[in-house]
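> Handing you this structure, nothing more for now.
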């Protein structure tokens with residue numbers, strides 16, 4: 001992995017060196033959405049630019065928790081982690097704990113009241129201040145709190161340590177201008193701020209120059225991009241411009257808002273070959289009455305119409321969604337409307353949430369809060385329906401050849417099986433068998449496989465005779481370089497798999513050979529942690 005240094009310079013910090021003269025180590029723990037994942041890359045980049053080094057599995061001198069504030073269990077996760085870290089800190093001389101992100105922006109001093117052993121609290125608008133705050137807290141031997149109410153510097157100007165050598169996130173905007181009654185994000189991340197197209201494309205080009213072949217464009221509402229500079233077609237133009245970057249094979253984006261999803265975006269998706277046939281489109285509810293109560297400025301008929309137009313121009317596109325069950329005032333009739341829309345939409349996957357009261361949102365004080373047992377029963381019915389649909393949609397792919405970008409960190413790992421994993425063009429997760437005598441693909445290489453089995457959350461491609469078809473890529477070369485730089489054992493790229501069934505130790509995910517296909521697995525498009533994330 002590499003640090004891509006953008007415009008901002010993070011000075012070296014004296015606090016990054018311990019009393020023994022060694023560089024102090026850090027660990028970043030991330031809760032929540034894909035925005036937080038990308039923010040954590042910036043936090044890591046800023047810390048390393050200041051002189052800190054990764055803990056790499058050891059007990060870290062600095063623990064940074066990047067928080068989410070969307071659901072109640074996000075609070076529970078934070079304070080559970082902090083409770084555990086209290087005892088660790090007592091025996092670890094000089095250890096520092098920092099809490100940032102949305103929950104820090106919301107709770108501010110409350111975090112220190114509940115966990116006085118925390119050293120630094122910072123918000124969503126000043127991530128670049130972390131090294132300075134750690135140094136000040138260490139020097140003064142007192143906690144530092146710095147929460148800004150508005151964005152001063154666009155975070156993409158910060159040094160960034162990418163989690164992947166072959167795929168990267170690129171923020172096109174931060175904040176949100178919508179006023180959904182269940183969502184606290186606009187209050188914590190502010191109004192929408194758009195980056196200029198030239199800055200975005202320069203960052204994409206820099207990623208490609210580093211070896212990346214896949215980029216995901218990020219925003220709370222990507223298709224409202226351009227609102228700040230008055231161009232309603234700015235997002236479709238951005239997709240087309242990114243599509244012209246040589247060497248960029250896959251472009252994804254998340255998340256759009258149905259109310260602002262226009263025909264020019266659909267045309268750009270269909271006419272730009274490296275924009276992937278995948279769409280994550282949050283539904284939230286299939287009831288028009290509930291959508292009004294949520295302040296979602298579309299109705300179910302419009303939503304389904306968008307899906308029809310997307311599929312007309314991108315046949316076979318995989319569409320995923322978010323759905324909230326048990327929103328205040330939801331009746332059985334409202335819920336049946338949601339089931340009806342889900343059946344009609346034929347989502348490849350859905351991230352489903354039981355409504356969680358978030359103080360500070362209009363929905364928190366609405367009448368008609370649905371009893372927990374009713375929410376659970378409806379939630380179970382929705383899950384059962386979507387599992388059936390996901391399986392039926394995946395079964396349609398059996399016998400088809402799919403092109404995979406070989407990945408790391410996908411699915412379960414088991415050193416005794418020969419299955420590796422990758423993402424199809426439509427982002428479906430595919431676990432594939434490595435035939436005897438085949439070239440071993442590296443993360444970032446492309447493999448062509450034939451689907452042999454289907455489950456609701458993934459596909460299986462067992463060997464069908466003959467060697468695996470692999471296309472070596474610049475991204476695979478970049479992965480090799482990153483492995484060499486980290487002093488890891490050289491990969492088996494270019495070699496041959498042993499003829500006998502044995503172990504493949506590549507740091508790649510695998511599945512148990514005899515695992516039942518009906519068992520729960522990784523979501524088809526895991527853009528965030530569905531237990532505490534948001535779109």
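Cβ atoms are placed via backbone N, Cα and C, with glycine included.
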> In Swiss-Prot, which of 488-511, 512-535 is tagged region 'Disordered'?
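Range annotated as region 'Disordered' by Swiss-Prot: 512-535.
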> Using Cβ atoms only, which residues of the same chain lie under 8 Å from residue 102 ([4Fe-4S] cluster 1 binding site) while being at least 6 residues apart in sequence?
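Correct list: 32, 36, 67, 68, 69, 70, 124, 184, 185, 188, 189.
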> Please state whether DSSP places residue 68 ([4Fe-4S] cluster 1 binding site) in a helix, a strand or coil.
coil
> Apart from 176, 180, 183, which residues in this chain have a Cβ no more than 8 Å from the mean position of the Cβ atoms of those residues at the [4Fe-4S] cluster 2 site?
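The answer, listed by sequence position, is 178, 179, 182, 184, 185, 186, 220.
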> Let me check the 10 A CB neighbour count of residue 180 ([4Fe-4S] cluster 2 binding site). How many other CB atoms are there?
20
> Give the sequence-ordered list of residues that share a chain with residue 176 ([4Fe-4S] cluster 2 binding site), lie 6 or more positions from it, and have CB atoms under 8 Å from its CB.
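The list for residue 176 ([4Fe-4S] cluster 2 binding site) reads 183, 185, 186, 189, 191, 192, 220, 221, given in order along the sequence.
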> Given the model, what does the mean pLDDT over the domain 'Radical SAM core' (162-392) come out as?
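Summarising the domain 'Radical SAM core' (162-392) by its mean pLDDT gives 95.
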